[in-house]
Amino acid sequence: MTEFTHINQQGHAKMVDVSDKQITKRTAVAHSSITVNETIFKQISNNTNTKGNVLNTAQIAGIMAAKNTSTLIPMCHPLPLTGIDVHFSWDETNAPLYTLNIQTTVSTTGKTGVEMEALTAASATALTIYDMTKAVDKGMIIGETYLESKSGGKSGDFQRQSNQ
């Protein structure tokens, strides 16, 4: 029978004890995206949105989300993060729809990984862009959010293959 790591002997939720794990450098990279119309693309690119600089605000939201992941995900350990970066790149190949790709990188030196922090950062970044531009068009599409890679820890490294 499989033993669940987040359930105690009484069948109730618990946070995994990581006190015996080795301290290692851990990094995770996550991806999300948001597809917008041409008006929103131009507003973001030209920094003319009435709510302010969309990308700067979304970057800050992503950083804050990574730092606060343990308050959102019940069994996630609070971690001393050593680095958080949010990077944007436009895909203009399907104009008049434009996809903003979001890549987040989170690092720590600790006993557990930062995959959830990277995924939370990517999600919050996309949600913030939606929030700041929804007055223009509510039809935006937040795309797939997934882990691109992780390094460090007992389970080793992971690199998403293009066919995954």
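Note that Cβ sites are derived from N, Cα and C of the backbone, with glycine treated the same way.
Residues annotated as substrate binding site in Swiss-Prot, with sequence analysis given as evidence: Met75, Cys76, His77, Met116, Glu117. Marked as active site by Swiss-Prot: Asp131.
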Met75 (substrate binding site) has how many other Cβ neighbours within 10 Å of its own Cβ? 13
Excluding Met75, Cys76, His77, Met116, Glu117, which residues of the same chain place their Cβ within 8 Å of the centroid of the Cβ atoms of the recorded substrate site? Thr69, Ser70, Ile73, Pro78, Leu79, Thr112
Its Cβ having more other Cβ atoms within 10 Å than any other among the recorded positions Glu117, Asp131, the winner is Glu117
Report, in whole Å, the straight Cα-to-Cα distance of Asp131 (active site) from Met116 (substrate binding site). 22
Including all protein chains displayed, how many Cβ atoms other than that of Cys76 (substrate binding site) lie within 10 Å of its Cβ? 17
Using C-alpha positions only, work out which of the binding-site residues Met75, His77, Glu117 is nearest to the residue listed as 'active site'. Glu117
I need the most crowded of these binding-site residues: His77, Met116. Count other C-beta atoms within 10 angstroms of each C-beta and give me the top one. Met116
Work out the three-state DSSP category of Glu117 (substrate binding site). helix
Looking only at Met75, Cys76, His77, Met116, Glu117, the residues listed as binding substrate, what is the longest Cα to Cα distance in Å? 12
